[in-house]
């Protein structure tokens, strides 16, 4: 054993390695994987070791075994890892024969959290099994052994290597090598693991490996009658163990299954469970819900506010940007990697290369190499003290809960640091493209430019006069100079940065700032408004108006129930759907607080019912985007690049919608499913996939659904959406705001908040005017207590919606003011006064 480590007993062994318990010079106990150099003669073996070190050290999660260090001597290569003293789930299963369903829920939530983290960071484990799932001293899951792990280096990449453990291997790995496999193989393994925990043996197990593969190919398994399990777990397993990988549920859909949501979930697993069956009969449903929420948070299943993480951040090293002139270094390092894995090359070269942090190349860089081989030339030194701290092993007695909380906080901090650069990149406004005029394009939602100060308006007026007098003499150079002057005046009139307290935003607020741009065109765009009045009028006629919108609420001093809004000098934004709904709700609740009847200033105007809104949706934002189905039968996809495709209810025509000018202008083009530009082919493929999945598995026919097959263009679509603690908010193109709560109810605001549509978890629809809701709230309690309770819940949700809209508005204002991008405090977002609502952030469809 290496001189600085004292070897203990053997923990386990495989074909080419043994794992021992060791103790370092500081007294910390670790696990040490020892690999003989004689097994590393071939290029394949060296590359496998390189990948294991490279991937494992880049992952840090509460439910993944911590990677500490790697080194060598004359005969062996050593990897020191976090010690899991309670063995593996396989060891526990041998003693227990099978697990109770509450235990299975506890372990599976943690396993799914680790798997979600790996997939978010583009890593497929490919060997998830009971023997690779370990238990730390407090009986928490730790996923280990990344010997078969693979990194997905580009979107849509498929791996074609046949690998895995026979009982757990996915069918596409064995029988579809032409198309390859991806993240779904881990989902299959999760289904096998769940079956094994509750039944006591793998579903396809036989004595002959070929027979196992045959049973996997035919999906032949059964639930033995002598080992009864609940119908809920049977249903979930049958959904996961689906031969077609595209039809398997996502990890968030699994965790949102009734098996987890309604079953008993303990707060911890006692150590006596290693040998004896624990008793969880005392746990109430309410306690189970709280334990589920806590486990989700600790497993980081609620931390998916960042929609796309393209590059896995190294856990122990900073991400390093590729600057000018570094491409040649990348090429040189690629050569070094190739030399290191060649037969006969020294192992020291491979270890030195594998331990380096990732070097991130810009998109499309010339000579860009695969991500796993982008290395930094210089190695960052590791101090023994740092290694001991990172190990997570403590000899002093401390509260396990405190240790877990501290570890989670440290992990969140590191995750935030690695994500700040991407958040900043999302918030930087794109350069405004030159005007593009095409006859088949419709520009939508074009608000007027923000008001300018006096000296800016004077310059603008002079420019208008020059356009009228000498329209042909206004050169592009002069227009560009005027644009820069106007932009300068925009910066001069922006208010100063707010207080420090106002700049403390959580990750949800970061998402809001990136997703919800203030819907205003920079002053530079104003030249398009008067450069060609005729064309501007033609464009105006193309703007679809799905529903007549009443005029905004007058903000006059004569109406004391209307809260005063900031003036244009402090809020240089055109009021949008969020602002108008916020203003309406604020006026209503202010009147209620004063005991006054909220009166609709437009009571003589007929408020139309909202007919088109979201019925079902599914979020694959870590890969592609968000798909949804609307009540009129149309299906849309909001892609991660901010474009959208909406399929008509006739399933033939579709609109392709792209945004310009930072999302203030939407350009719509109409095609058919058989005739469209070649560059849309990948998106049409994904549209068909989403449409098939949603309509076949999620969509249902309700009293409020219908088919508008005559609508072949100009379909409504989702412009923006964001997740918050208790709700997901959708902004529709026809100025409808939809709030999907995690108790499976929906609240839909239209007519700037004056019309309220509520759908409960049983799909019952009630329609109100806001004035009617507030009037009922001021009346004496009704005789029916259940009806009073339901109405109070509706009022509470409307109040929460107001708080959500307020946070969106504040985030938008801060973006305009140039607030810092990185969150400076870690905590919850908008306060949630509803204890009955789940705090989970599910990717499942909220139908």
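Here the Cβ of each residue, glycine as well, is placed from N, Cα and C on the backbone.
Keep in mind that TrEMBL annotations are predicted by a computer and have not been checked by a curator.
Per TrEMBL, the listed range annotated as region 'Disordered' is 426-455 (candidates: 426-455, 456-485, 486-515). Mean pLDDT across the domain 'POLO box' (717-810) comes to 87 in this model. Residue counts of the domain 'POLO box' (717-810) by helix, strand and coil are 38 helix, 32 strand, 24 coil (DSSP-based). Its own atom aside, the Cβ of residue 33 (ATP binding site) has 23 Cβ atoms within 10 angstroms in the protein chains shown. Secondary structure of the domain 'POLO box' (613-696) per DSSP (helix as H, G, I; strand as E, B; remaining residues coil): 19 helix, 39 strand, 26 coil.
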